[in-house]
Each structure stands twice: as C-alpha cells, then as structure tokens.
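Novice: Dumping the structure here so I can ask a few things about it.
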Amino acid sequence: MSNRMTNIVVPVLAVILGLIVGAIIMAISGYNPVVGYQALWEGILGDSYNIGESVRTITPYLLAGLAVAFAFRTGLFNIGVEGQLIVGWFAAVWIGVVFDLPMIVHLPLALLAAAIAGAIWAFVPGVLKAYLGVNEVVVTIMMNYVALHVTNALIKNMSDGSDSTERIHESASLKSSFFEQITDISRMHNGIFIALLAVFVIWFILQKTTLGYELKAVGFNRHASEYAGMNVKKNIVVSMVISGALAGLAGAMEGLGTFGYVAVKSGFTGIGFDGIAVSVLGANSPLGVVFGATLFGSLKYGAGNMPSAAGIPEELVSVIIAIIIFFVASGYIFKLLLEKFSKKKEVK
Amino acid sequence: MSFLEIIAFIVPNALFYAAPLIFTGLGTVFTERSGVTNIGAEGLMQIGAFTAIVFNLAMADVLSSMTLWVAILVAMVVSMIFSLLLAVASVTFRADQIVTGVAINFLALGLTLFLVKKLFDGHGQTPMIQERILRFDIPYLSEIPIIGPIFFENVYLTSYLAILAAIIGWIVLYKTPFGLRLRSVGEHPMAADTMGIKVNRMRYIGVMISGALAGIGGAIYAQSISLDYSHATISGQGFMAIAAMIFGKWNPLGMMGAAIFFGFAQSLSTVGSSLPIIEDIPSVYLFILPYVLTILAIAGFIGKSEAPKALNIPYVKGNR
C-alpha cells in the first residue's frame, strides 16, 4: 500500500474507531449513543445558526492546525501555538481599540499586528533551537505560560484594572452582516476567507517554492540539507516565525471576529492545543488540516448541544478527540496490520 | 513583621506548594531517564486529583481521618494504570511520544470532567471535601530555637514526605542496579540491550513510576490546595513539574531544589501581598518567574541542562 494511501486510511480508520469508542463510553455510562450522536449532529448542522457557529469555530482551528503542521514539516514541534495565539489575540484587539483608522488600513494593520506578535513569540524558541540546539517543545510550553500571564497583566493595565478590554472599533472588525443574515445572527465572520487563503498560501509555499523545498528538506534530514548547502539555522527560524504568524492570526480571528475584545483568562483557550490534534489528524498537510479542522471544530461546537438535547456531558467529545489522536499517533500498528493484510492477499 | 517571622511564614508555604511538584517532577525524572518524553504529567496529575477527591467524598464517613492517605494510595494506583496508555502507545506502538503525551492530557481532562458531570448531576465541579490535609507542629523539633519555627511549625506532613521521596528517588536512580539500568536505557538503549537489559520493560516501568508519582502529586494538590475538582484544579502544575525536572537537570535532588524554588515563587504570588518589598513587585513577574528561569536554564545560561540521549526515540531492536 502506498504511503499516500496509508496517510488517508489511518486517519479515517482512527476517526471511525474513535466514534465507536465514544459510543461504547456512552453506553457504559447509561446514555443512549444514538440519541447522543443525533444531538451532536443537530448541534453541528441542525439549523443555519448552528452551521454558522460551526464555521466560526472551524476558522481559528484551520489557522492553529496550519501553524502546527507547517513547523512540523521542518521537523519542529510547535506546542507554543496556544501562547502565540494568545499574544496575537491581544495585539489585534489592542490595535483595534487604540487606533481609529479607515477600515482599509485598520483591519490589515490589526491582522498584521497579530501575525507579528505571534511570530515574535515563536522567534524565541526558533532562535534557541537553531543556534543553541535547545529543545523547542519545552521552550514553547514555557512560553505559553509566559504569554498567558503577560497578556493578562497587559489587559488589566489597558482597561484600568477591569477584566476585559473595550470593544474594538468597527473599522477593525471581521464581522460580516451578510453571514449574520444568512445564519440567523451567528458569530460567523469573514475570517474564514483569511483562513482558507492561508491554507492555499501555505500549500503553495510548501509545494511550489524553493523556501518550502528547503524547509521540508531540513525536516527530512538536517545534515543532508546542510551538506547540500542550505542554511539550516535560518530555515529553522523562518519555519518557527511563519508558524507563529499563523498562530497569531488564529488569535486575531477570535479577537477581531468572534469576540471583538479580549478578557483576562484563567486558563488556556485550548485552540492551540487542539491545533496539534488537527495537524496530527491531517498528516501535517494543508489539505489534511482542512479535514482535521472541519472535523474537530464542528465536533467541539456541536458538543455544546449534547447536554441539553441528550443529557450527555459535552466533555465526551474531548475524550473522542483524544482517542482519535491516540489511534492516529499509533499509526505504526495500523500500518503493520495493513501491510500484513495486503501481503497475505498478494500470496493468495 | 520581623525578618524571622517573615522567613517562618514563607518557608512552610513554599514547601507546601512544592510538595505536589516534587512528587510529579520525580515521576517525570524516572520516565525521561528511561528515554520516554512525558508531556502527559499534567493529565496524570488530573487523574490523581480527580480520583482522590471522588474517593475522599465517598469514603470520608467510613474512614474518617484515614481517608486522605487511602485516597492518595488509590489515586496512585488509578493514575499508574492510566499511564499504561502512554506506555503502550509510545513504547509498544512506537507512537510519537509528544503527540501521545498531548493526547493523554486531552483524555484526562475530558474523561475526568465527563465523570464529574456524570457523578454530580451535571455540575462542572465537585463539592468541597471535608477531610483535608492539615498543618501541624512536628513534636520536639518545632521547639528548637530559630530552626524550629521556620521548618517544623505549622507545616504539612506532605512537604516532608515529598522531600523524603526525592531523596529515595536519588538513591534508587544512582545507587542501585535498577537505577543504572534505567539510566542506561535512556542513554544508549542498544548498548543496554546488548548487556541483556530489557529496554521496553524498563521503559514501561519508567512510565508507570511516573503515573504513580503524578497520581500522588495530583492527590496531594487536590486535598491540600484546591479541595475540590473542576476544570481549573490542575492548571499547569504538571508542566511546572516538567520545568522543575529540566531546571534540575534530570536529577531527583536538583529537581527537588527547583520545585521548592518554584513553590516559593508560587506562594509569593499568592501570599506576597502581605509581605514588605514583595508587595511592590507586580504579581505577573512572580507568575512568569519559573517559566522564564526554565527557558534560561535549558538554553544553558544557568549551567547546561542536557536531556538523556535516547529521549523521545522509540527503540527498535536491530536498528542502528
């Protein structure tokens, strides 16, 4: 079986198995799995409002998943997407609140600020990895907490001690009256276009440019790339910075689109960590990320309907997602089974 | 407040916050020394904290003052069993260890909250426990002048158990054949395999020790600090324990020192407002201190922290 096929078969099998395990957990806990999944389905696609909100949830998932996937292609594990997202969110809202400019300048400026903030946050682990050989996983985890506490302090500072900033000016908002109209006033916003554009741009960079080729080469074999004359250190930093910029944009989706403000957080948003799940499921490819983000984003949003419609705690969906990730990550065992299976066929 | 009083106030508090970190951190030292990355410490602590709280609530009437300690033991066992997931996926199935660890964290948080809502009629939070870990004065020792009030008055027994555990951990890791084998598996699994050490078995043991100790850490945290279980009970303590492990250079005693220091920073951010000098420092600096220090430590600015060589690489027999 070709590599490409296993990259598709393993995630699909994992999703099916994850849903089956979810059904078993529901059955054991005394819930009806059919009613549960029906409620989940209704919660995602039941009416135009839910569809709109599902898309709204998918939007930052696309960017967060892309961020993880992009770094992964260069052999870097960016667990810091969460922190980069938080600083991006703050930067976007800060520009949106403090400045008052025409929309054509204001909105791009706010988006740019978010991307730069995320990029700076990822630059630190990138440089440490490239020049000092420091493990990026640990540094990015630590940077997440620094981001959380620092932005909380900045939010309080900016809003005179209150727990939430003012709303951004309309000129920096991603709100779309068209989407509001057709989705029964959901919070679906224009950010989805930015996210899909980002998917295309990242696909283009990875597949059609020298930069993308070099980044992937470094990911495959650092030493070979070095002998081939590539600047490995620069590529590592560039990869982290682009990844961080994508994560920062994911934060802007929340700041400029969904909420329009930023509030003090007691814990992480979870979107950055879910981005890891999205990327793992999507086999670290931009198209795979679309699949992963659509699935996990809609599952996460649809889960909100489960307590009221079926009496099932919505956390069940987190359990299902975790199990799917386990199965995908353990792909080795699947591949082994698939290979054995196809070998047997050949013998026959 | 006199200087001595301030010290007598800070030290027990720092040790109090450090105890869960020391237990969890010690566990991560053992896993990583065996060559398995353990990002799942946070999730394992959550399982421990949840188990301890539920057990405590259910059995407090029957076991009264023994509840606490039995709850810690139960949490230890449950967490250890849960950690088998990490072991099976990352050792046997050769899954990416970091992805598996992340999945463990997802699963633990999702599963515990699912069960909390199932057990407590849809509430996202358990009731408060009645039997909790209390402060006490250690007899005789607390009467020693100067040292007594600082170290032995108004202390939690768990703080001293944690320090004892770290010392035992150090002895096991550096002074026993088992410890040597565990470390060799994390540094050079092929050499260890050639010498007849079962690499994967040692890694299973490393992961399970971590599960057990993180369970204890979570149980202590829940029963002494949070006193209930919700989504916010364990928020970063597991990662802070990992930070302590790195800051302590993968050595149980170094880890303990780092954990006590982090405990100190954590306690300052909560009780600091009642102390002179500290009250003028914005609390955000105290919050980020452990994380910033860890980044500096691992970057080599505070002595070089080097990870076990075979960390994060599944062992495949016969591969060079």
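Numbering starts at 1 and runs along the chain as displayed.
Backbone N, Cα and C atoms are what each Cβ position is placed from, and that goes for glycine too.
Per TrEMBL, the feature transmembrane segment maps to A:12-31, A:58-79, A:86-105, A:111-132, A:188-206, A:236-264, A:276-296, A:316-338.
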Novice: Compare A:12-31, A:58-79, A:236-264 by their Cβ pairs under 8 Å to the transmembrane segment (A:316-338) and return the stretch that comes out on top.
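Specialist: Going through each listed stretch, the top one turns out to be A:12-31.
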Novice: Are the transmembrane segment (A:188-206) and the transmembrane segment (A:86-105) close, by which I mean at least 3 Cβ pairs under 8 Å that are 6+ residues apart in sequence?
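Specialist: Contact between the transmembrane segment (A:188-206) and the transmembrane segment (A:86-105): absent.
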Novice: Please figure out which one of A:86-105, A:111-132, A:236-264, A:276-296 racks up the most CB pairs under 8 Å against the transmembrane segment (A:58-79).
Specialist: A:236-264
Novice: Can you tell me which parts of the same chain pack against the transmembrane segment (A:86-105), counting only residues 6+ beyond its ends and a CB-CB cutoff under 8 A?
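Specialist: Cβ under 8 Å, 6 or more out: 111, 113-118, 120-121, 144, 147-148, 150-151, 154-155, 158, 165-173, 247-252, 254-256, 260-262, 265, 268-269, 272.
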Novice: Cβ under 8 Å, sequence separation of at least 6 from the ends of the transmembrane segment (A:236-264): give me the contacting residues as numbers and ranges.
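Specialist: 56, 59-64, 66-68, 70-71, 73-74, 76, 78, 80-82, 84-93, 96-97, 107, 110-111, 114-123, 125-127, 129-130, 136, 151-152, 155-156, 163-168, 172-175, 187, 189-191, 194-195, 198, 202, 205, 211, 215, 218, 271-272, 275.
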